[in-house]
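Participant: Reproduced below are the annotations present in Swiss-Prot:
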- LYS35: active site, proton acceptor (ACT_SITE)
- LYS35: N6-(pyridoxal phosphate)lysine (MOD_RES)
- ARG131, MET301: substrate binding site (BINDING)
- TYR253: active site, proton acceptor (ACT_SITE)
Amino acid sequence: MSRQTQAIIHADALLHNFKALAAIAPSSQSMAVVKADAYGHGAVNVARILQHVSSQFAVAIIEEAIALRDAGISAPVVVLEGAHQAKECQMAFQHNCILVMHCEEQLQWLNNCPENQRPHIWLKVDSGMHRLGFAISDIEDMTKKYRHLLSEQTVIATHFACADDVDNGFTASQLSAFKRVADAIGLPTSVANSPATVNWPASRNAWNRLGVGVYGGAVSTANNVGVEIYPAMTLRSSILAVRTIAAGEGVGYGQRWVASKPSKIATVGIGYADGYPRHCKNKTPVMVRGKRAFLAGRVSMDMITIDVTHIDNVSVGDEVELWGQNVPIQEVAACADTIDYELMTRVSQRVPRIVKYL
């Protein structure tokens, strides 16, 4: 490996975070959500790391589930978007996947499958987010009409719009609306994602779906959430070149950064083709030789430039942390006007994922 741009995946952090979040709800079962290639961390590796603590996994689409099966992951897999086409019902049965059904068309597809070749299903209720799910007013009738498709593994699920915001009352209204129909139907429920598990005790039901928190992402607007989680990814690269420029000289495309004094500029081998956000502003932090340096100029496809004037002995080959244990990913996301979820999932496939234990 010539280029030193890598995403280090911290296996111990993944295990710690999952166990810490699951411990908040000891009466519930918890599953790790590994959709979007485990939020950019590598779904197969993450599933292998967590398979002894997470009895099920969740993905978004059937292709993600099959990739786990092809890698030898045998635990049940919940497909959160259900079937996109009728043929996926058969695929789910063949691969021991649980489909989360959110509309009657999907139930009709399932009904058309041979009776002995139907996968287990969950049912999703729209409690107010208005993306996917049966309407609150329809779900009881749907469970009666399609009772023959349900099994001992069927769960009623919903999803929150604002669970990370402890001051937003909409989550309480979603919980109340969902609880009314769930109590009437009488099936086990799955409500909590990572933020809800931390912030909303009433949402901790039969199954909690632990996603971004497992990877060290932000789970709450509160300052003290009562659980300590650690970043599971360190994105790092190395310095390709160091040069000194005079006051008044510009750096990068568009000359967006201009030196106010003689400055030392380091070029780093990572860019937006690797998933480092192009919209990062000047002064976005990185870590070099134990000190913070700052973005100077626009992010290029394959490189960034940083101001290291204040750091001694910077040289070619020095490691640069873009985010991770010393530079919080949330801070970088704020500099790019986005969220940590997006940064994690956009790390491109040309960046190797290197799994490490402490």
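Note that Cβ sites are derived from N, Cα and C of the backbone, with glycine treated the same way.
Provide an account of the burial state, proximal residues and distances for the features listed.
Facilitator: Take the CB of LYS35 (active site, proton acceptor) and look out to 10 A: across all protein chains shown you find 19 other CB atoms. DSSP classifies LYS35 (active site, proton acceptor) as helix under the three-state reduction.
Under 8 Å, Cβ to Cβ, and six or more positions away along its own chain, ARG131 (substrate binding site) finds HIS159.
Sequence-distant contacts of TYR253 (active site, proton acceptor), defined by Cβ-Cβ distance under 8 angstroms and a gap of at least six in the same chain, are GLY297, ARG298, SER300.
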Participant: Are there residues of the same chain, six or more positions away from MET301 (substrate binding site), whose CB falls under 8 angstroms from its CB, and which are they?
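Facilitator: Correct list: GLY271, TYR272, ALA273.
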Participant: DSSP secondary structure for MET301 (substrate binding site), reduced to helix/strand/coil, please.
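Facilitator: Once the DSSP labels are grouped into three classes, MET301 (substrate binding site) ends up as coil.
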